[in-house]
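Q: One structure, as structure tokens, below. Some questions next.
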Amino acid sequence: MIKKISLLTALSVTAFSGWAQETDNNAMVVTANRFQQPVNSVLAPTTVVTREEIDRWQAKSLTDVMRRLPGVDIGQNGGLGQKSSLFIRGTNSSHVLVLIDGIRLNQAGISGSSDLSQIPLSLVQKVEYIRGSRSAVYGSDAIGGVVNIITTREKNGTTLNAGVGSKGYQSYDAATQQALGDSTTATLAGNYVYTKGFDVVAYGTASPAQPDRDGFMSKSLYGTVEHKFGDQFSGFLRGYGYDNRTDYDNFSSVDTRQLYSQTWDTGLRYQSGIYSTQLIGSYSHSKDYDYDPLRGLHSSGSTLVDSQQYNAQWGNVLQVGAGTVSAGVDWQDQIIKPDSTSVNREESQNNTGIYLTGQQRFASIVLEGSVRGDDQSEFGWHNTWRTGASWEFIEGYSLIASYGTAFKAPNMGQLYGRFGSNRDLQPEESKQWESGVEGLTGPVIWRVSGYRNDIDNLIDATGSTGYVYENVGKAKIKGIEATASFDTGPVGHRISYDYVDSRNAITDEPLARRAKQQVKYQLDWQVYDLDWSVTYQYLGSRYDKDYGNYIPAVDDYQTVKLGGVSLWDLAASYPVTSHLTVRGRIANLFDKDYETAYGYRTAGREYYLTGSYTF
């Protein structure tokens, strides 16, 4: 079930879930402060999505999961597998830190941002999603928020899934988790997804017609072994990889993207009484090809980004009084190999971070703080900090306030790429304020927050800079987020409203591809054994650029306005037996035609049917 943080729950006898139909006081999260704590004790707005909910919604991608959550706006160049941008509270997609099992996703490539459309949904067992700055906990990138993808399965057993759908969609996956003796657990899972896709049609004045199907195929494999060496020591070894192929329309050509990615993690954990510690090491390697399918993967016109990333973490947690303190060290090394067509030679950068976080409760007041220092090989030392507090001024009603700093380090392409790179770039920097109130009024659990985010030293390359990357930009973001949940008999309701005014602080123009207003509504209803789910989303109007229409007088591309749209999804599931469940979904029920990225169509109405067998 989804869990939306409600501060009053941390201070009240009864814990309520602002985003769940049922209450689970034992739900734990680790993302907010890098120590395990009840979901109802975190000050920052936090949402947890479980595998149970992903199955109930019958989501087909991680972007499909994220688009339903408060503060999230998705811009995507077409359908399943097409390039996507995740905007949290109006910030850039590169301002979102994506973790997999608490370890940074490999972002050593040229763009420096995470494309969630490429992460197989079959890997995802839980999502912990934090809104607001978290650089004082994790370092670079966490300006808009943090998304932590958990792959660990909660219980043993075997699951077989098969699904079909519109546009030639097929999905097959199998997973098993078994105990090997009293101390060892092993998990193995595999997945295959394919769709013929549709013509996403990149329109532009410089673009010819490209009548084709832009399909997607993904194959993934996952395995892990966990072992308990005793009551206090445990360890794990985990590996996963995926092979994705995406056909897409560029503004001047038909292209194919081929992405190979593999990751290996291992770690040791120790816990004794009020103290625990863990040491984790990780290695990931990805090869990202872009090529003309008529000429082949290794043709002269193809491009390759061959990147590696090494991570090491040592974290310590100590229970102190009515709270917890966490401290540790992170180390990361990113490498682009010399056979990459995006750089002239092998390039690397490394970062070492030291952090301290803590939370304490004093009667009706909760205080939280974190501080971190990062030593980066290119720009040196950078400090960040964050503090927050809540006060239950009346039983069941709380005031919350926080302030924090954050930063985003220049990515590898901006520092070392063949076009416009600049080794003298400095980090993008952010200052964020947030305040809010939440309460329980009758059956309704609600929260209203207002926030402001000022971002300086934004990196850009324009004609005025000679098309060389410079720290020349500024952004000013103001917003309001309101959430509520309540039950009416057997029906659960969850509603969120987002108002985001995200602007270029120099020109006062709206930032591209971000809707000013969004409304999201989720209804879950179980009638006898039939489980219904209705999802509504209103996407307000947004602005984008027509990259086929350059205007020299203003050194920019023409701005275009994309209209708003209302979308409905309908899903239902029925347990035929205690082992077999059949699910069906209609996405975009009323077949609305809309765009979240200019020139790129969306899928229209789609139908899906899935069978799941567990034993």
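The backbone N, Cα and C atoms fix where each Cβ goes, and this holds for glycine too.
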Q: From the ranges 124-138, 559-573, pick the one that Swiss-Prot records as transmembrane segment.
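A: Feature transmembrane segment in Swiss-Prot: residues 559-573.
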Q: From the ranges 46-56, 68-78, 112-122, 365-375, grab the one Swiss-Prot calls transmembrane segment.
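A: Residues 365-375 are the ones Swiss-Prot records as transmembrane segment.
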Q: When you measure from the Cβ of Asp212 (Ca(2+) 2 binding site), how many other Cβ atoms are you left with inside 10 Å?
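A: Step by step: centre on the Cβ of Asp212 (Ca(2+) 2 binding site), count other Cβ atoms within 10 Å, giving 16.
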Q: What is the nearest of the binding-site residues Asp214, Tyr248, Asp249, Asp255 to Thr303 (cyanocob(III)alamin binding site), using the Cα of each?
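A: The answer is Asp255.
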Q: Please name the residue among the binding-site residues Asp214, Asp249, Asp255 whose C-beta has the most neighbouring C-beta atoms within 10 angstroms.
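A: Output for this query is Asp214.
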Q: How many whole Å apart are the CA atoms of Tyr248 (Ca(2+) 2 binding site) and Asn92 (cyanocob(III)alamin binding site)?
A: 23
Q: When a 10 Å sphere is centred on the Cβ of Asn92 (cyanocob(III)alamin binding site), how many other Cβ atoms does it contain?
A: 23
Q: Quick check for the class: what is the C-alpha distance, in angstrom and rounded, between Asp214 (Ca(2+) 2 binding site) and Ser85 (cyanocob(III)alamin binding site)?
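A: Distance (Cα to Cα, whole Å): 18 Å.
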Q: Which whole-number value in Å describes the distance between the Cα atoms of Asp255 (Ca(2+) 2 binding site) and Tyr547 (cyanocob(III)alamin binding site)?
A: 17
Q: Within the same chain, where does the transmembrane segment (397-411) have neighbours whose Cβ lies under 8 angstroms from its own Cβ atoms, ignoring anything closer than 6 residues to its ends? I mean 6 or more beyond.
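A: That would be 7-8, 11, 43-44, 94-95, 107, 109-113, 132-136, 140-143, 351, 368, 376, 378-379, 382, 384-391, 422, 425-440, 449, 459, 469.
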